[in-house]
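Undergrad: Here it is, the structure in full.
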Amino acid sequence: LPLLLKATLLHLASGSHHPFYNGFYYNHIMNDNDDGQDKVDYFNGARLVVETSKDPVYSYSGANVTLPCHYRYEPDLGPKHKIRIKWSKLRNDYTKEQDVLVAIGKICMAFGDFKGRAHIHQASRQEASLVISDVRLKDDGKYRCEVIDGLEDDSDVMDLRLQGIVFPYQPPRGQYRLNFHKAEKVCQDQGAILANFNQLFQAWSEGLDWCNAGWLADGTVQYPIHLPRKSCGGVHLAPGIRSYGPRHRHLHHFDAFCFSSALKGEVFYLDRLAGMTLEEAKQSCQDAGAEIAQVGQLYSAWKFLGLDRCDAGWLADGSVRYPIVTPRANCGPAEPGVRSFGFPSKGRFGVFCYRER
């Protein structure tokens, strides 16, 4: 019976998200003396409560961020035995996407992409906050903080949101050439990832209007419309996010909506009197101790660093673009944005370079 009870408790500690107790006692598997001996504690009627931030925590790529989580007992009957802390990353439907970290006392283990980047911050009693170092684009999302004390457990969920920008992307061959997996790759090649719905919605609320449908990270295909028109779902539909719903990830082809965060480095422009070919442009960036900029880096520099340059320049994917913060004559439309000349096979232009700070 003790072995069966212990196995049940281990299962609860690793996978349960629902508080449970039997009203009598539980085996405390790891005691404070760590002497390998089980000891029995009688349930004292105190309820465990876990609380995280009700507001999203904002960060950016490359930063360090703390996701606050605290727990308490009602009523508070003083110090408790060694508790277990578990952090998980969730999908939008609140199902578990991956384990992030598990901590028992001073023992802490991070998993997957979070190895070496995640640890528990306990500056005060009954704190279970998660610290993530060198934040990555795919860290954006929902996180569950779970605290387990024997048969008592509780959890709460919060959002980590990266400050960034969504941009539509078409490959050199033109519109609707990407299945889901190719869309993932082209975004990665541009220093970005496929955007999720929340990121696309935020971009729409900030004015993004784009009539071509593109993949999102969950495998759905959608597009944001501010000005309803015949070719974009019809003139009688309200503004919003149009959705094709989930599409076949191998067979169906669309564009991509990519998401790039704020930069750790800088984007700058180089030119020659006669301009440069793409290969000459790449070499000029290398000679300057940099590399030719990716599309996502140019968008981020425009959005967060105010890069405004009315001169066309090569980017790493072979496209030619330029960023405009303050619209003016001979610099394209009357709205701010990143202008594109497409993917010219010939021509000589300047180049946008990226350099880490």
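Cβ atoms are placed via backbone N, Cα and C, with glycine included.
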Undergrad: From the disulfide entries in TrEMBL, identify which of C285, C331 pairs with C310.
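TA: Recorded partner, per TrEMBL: C331.
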Undergrad: Go through C211, C232, C310, C331, our disulfide-bonded residues, and report the one whose Cβ sees the most other Cβ atoms within 10 Å.
TA: C232
Undergrad: Return only the integer: C-alpha distance in Å from C310 (disulfide bond) to C211 (disulfide bond).
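TA: Between the alpha carbons of C310 (disulfide bond) and C211 (disulfide bond) there are 25 Å.
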